[in-house]
Amino acid sequence: MASGDIQSDESLYPIAVLIDELRNEDVQLRLNSIKKLSTIALALGVERTRSELIPFLTDTIYDEDEVLLALAEQLGTFTQLVGGESYAHVLLPPLESLAQVEETIVRDKAVESLRALAPQHSTTDLETYFVPTVKRLAQGDWFTSRTSASGLISVCYARVSNHVKGELRQLFKSLCQDDTPMVRRAAASKLGEFAKAVEPELLRQEFVPLFTNLANDEQDSVRLLAVEAGIAMAGLFRHEDLEHQMMQTLRAATEDKSWRVRYVVADKLCELQKAVGPEITKNDLVGAYCSLLKDPEAEVRAAAASKLKDFCTNLPADSREQLIMLQILPCVKDMVGDMNQHVKSALASVIMGLSPILGKDNTLEHLLPLFLNQLKDDYPEVRLNIISNLECINEVIGVRQLSQSLLPAIVELASDAKWRVRLGIIEYMPLLAGQLGAEFFDEKLSSLCMSWLTDHVFAIREAATNNLKKLVEKFGREWAQNTVIPKVIQLARDQNYLYRMTCLFAINILAEPCGQEITQRMMLPTVVTLASDPVANVRFNVAKTLQRIYPVLDTTALALHVKPCLEKLNQDADHDVQHFSNEAYEILPKA
């Protein structure tokens with residue numbers, strides 16, 4: 001008898017500990033116990049999990065939001081722990097309670113778990129347990145439960161009887177017409193998903209009216225979600241039906257009084273374009289797109305501008321060029337001078353994509369002047385977006401034509417009086433180099449890159465040395481020894497000690513990408529020579545350079561050149577030179 005009691009006590013132990021921890025004042029302890037639910041369920045076994053643990057959890061759903069969130073997440077993965085799919089319905093009561101709480105993130109997680117459980121129910125269990133849960137939520141007194149119901153109707157619709165399908169459609173209709181905006185918003189967000197689940201013949205008579213009402217709702221937050229749903233629904237209609245059923249409402253959305261609604265139309269325009277087909281695109285969407293490009297709200301213009309390339313690519317091939325040249329391009333020309341930097345930046349990131357569509361002649365006549373304007377824009381992001389996409393135009397007009405048109409503007413910016421503008425161009429050089437190739441780069445831009453090494457602003461000289469490293473990595477060591485290193489070494493003989501120091505800074509950075517052979521043969525002798533420089537700042541930078549490049553050198557070079565040079569600097573009259581040479585000497589290999 002006693003041993004039976006002991007066994008009984010031991011089997012009760014996990015749930016007793018859980019109850020204690022869930023009632024503990026420490027939130028973290030309660031949260032940890034929820035995260036260990038699966039372990040406790042395994043200890044209890046499937047039968048006791050169903051009969052004790054789940055009812056206990058259902059009764060104790062009054063806690064901090066983070067604890068409830070963890071519980072909602074755990075329950076979605078509990079099917080096997082309660083005995084498999086035939087017992088999945090046991091998990092519905094606690095999740096139903098969680099789907100009604102005030103905190104949105106908890107409700108959303110509960111709905112996510114319920115949606116995951118729906119396919120695990122048999123058809124009979126769906127109608128016996130899941131659908132009644134959905135009905136209770138849809139008819140709840142609080143808006144919180146009704147918002148949750150919106151996300152559950154579509155997941156069970158396909159597998160229930162026709163009678164129950166009718167009830168579910170009626171429930172969804174009542175949610176779309178709810179007095180509370182939050183419920184209508186939730187229903188609007190699921191309208192497109194539900195429309196894909198219902199029978200095609202019901203779309204026209206039941207769902208189009210729902211869409212029209214939601215798209216004309218007094219709340220803009222409902223209207224914008226309805227527009228998204230409408231775009232999803234558009235793909236379900238034949239094109240001839242679409243014109244009569246949906247297009248009038250979608251056209252009106254492009255001129256909605258709320259900029260948020262217009263923004264959604266601009267953002268989803270290419271999806272709508274694919275759904276409606278070429279004829280409606282040509283007759284309706286091109287005009288709508290042009291009005292969005294001219295929208296008074298900058299966010300809408302930026303969203304519309306970012307779709308320029310994709311929208312134009314998807315236009316019907318027979319009239320594409322004409323539609324762009326006559327209707328879209330005039331709007332684009334106006335946008336190049338837009339007052340808002342985000343609009344200009346969005347446009348600059350895609351405008352080059354028009355070149356392959358419009359061909360060489362139109363590019364040269366109409367697009368090049370726009371690119372030149374954008375290259376001179378005050379905002380660096382606009383300039384970068386143009387330079388980043390030069391490849392598109394290069395393919396259309398060729399590198400020679402490009403050099404005659406856009407490169408002079410880049411060179412002009414590279415010599416700009418404002419040093420920050422020059423700095424911006426330096427940062428784009430490796431990008432440009434990759435697009436133009438080594439031969440063309442040498443011809444047009446190599447001398448420019450070297451001239452920055454003798455700029456009167458230190459930030460430019462520093463950026464120029466970093467730029468050289470990226471160019472060497474792109475074009476290789478042979479290019480470096482023929483083009484870059486001779487000019488860097490030449491700086492060691494310059495009258496201005498600042499440029500002699502720049503020579504050392506460049507060697508610091510170039511040693512690694514150039515490798516041992518080139519560093520020892522071409523650069524190390526220059527460093528050693530500068531150890532006798534009359535300016536102390538140059539001499540202690542020799543010590544710093546040797547400290548930086550010694551891992552690239554072999555032991556012979558270290559013994560014959562580096563160590564004697566540092567020993568000489570160690571005897572220097574200047575204390576700083578002594579300090580840095582001593583520091584460098586200390587870290588050299590002792591062998």
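Glycine is no exception: its Cβ is also placed from the backbone N, Cα and C atoms.
Note: TrEMBL annotation is automatic and uncurated.
Taken from TrEMBL as is:
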type	residues	note
REPEAT	14-52	repeat 'HEAT'
REPEAT	91-129	repeat 'HEAT'
REPEAT	168-206	repeat 'HEAT'
REPEAT	207-245	repeat 'HEAT'
REPEAT	246-284	repeat 'HEAT'
REPEAT	285-323	repeat 'HEAT'
REPEAT	328-366	repeat 'HEAT'
REPEAT	367-405	repeat 'HEAT'
REPEAT	406-444	repeat 'HEAT'
REPEAT	484-522	repeat 'HEAT'
REPEAT	523-561	repeat 'HEAT'
Residue distribution over DSSP helix, strand and coil in the repeat 'HEAT' (168-206): 33 helix, 0 strand, 6 coil
For the repeat 'HEAT' (406-444), distant same-chain residues with Cβ under 8 A (at least six beyond the ends): 368, 371-372, 375-376, 380, 383-384, 387-388, 390-391, 393-394, 399, 452, 455, 457, 459-460, 463-464, 467, 470-471, 474-475, 479, 483
Model confidence over the repeat 'HEAT' (328-366), averaged pLDDT: 85
